[in-house]
Amino acid sequence: IEAIRSFGASDYQIMKEVVLVEAAPLVIVNLTVAIIGIIGTTSAAGTVGAGGLGSVAINYGYNSFDSVIMYGTVLVIILIVHCAQFVGNY
């Protein structure tokens, strides 16, 4: 920060060119972890009656002994998590 300030950069330029650029990778990684945690939490909450994909897996798959629906919803959840990880890595 001292180096860019010595070239006469304003506070706005320092924020835009240094601070945000340096913070972006950490923000993206933390956002990815948070999204994956939210997906897992909502799926687990769905198994106890909150709705969503977890509820579909339990109500229509597990309770009805329909393994195709149960494994299908689990596969969809896994694909969503992998997509979130892929976007977070790039």
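All positions are counted from 1 along the displayed chain.
Yeah, the Cβs are placed from backbone N, Cα and C, and that goes for glycine too.
Note that TrEMBL annotation is computational and uncurated.
These features come from TrEMBL:
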DOMAIN    1-86  domain 'ABC transmembrane type-1'
TRANSMEM  23-48  transmembrane segment
TRANSMEM  68-87  transmembrane segment
Across the domain 'ABC transmembrane type-1' (1-86), what are the DSSP residue counts per state (helix, strand, coil)?
75 helix, 0 strand, 11 coil
Residues of the same chain, at least six outside the transmembrane segment (23-48), with any C-beta under 8 angstroms of its C-beta?
54-58, 77, 80-81, 84-85, 87-89
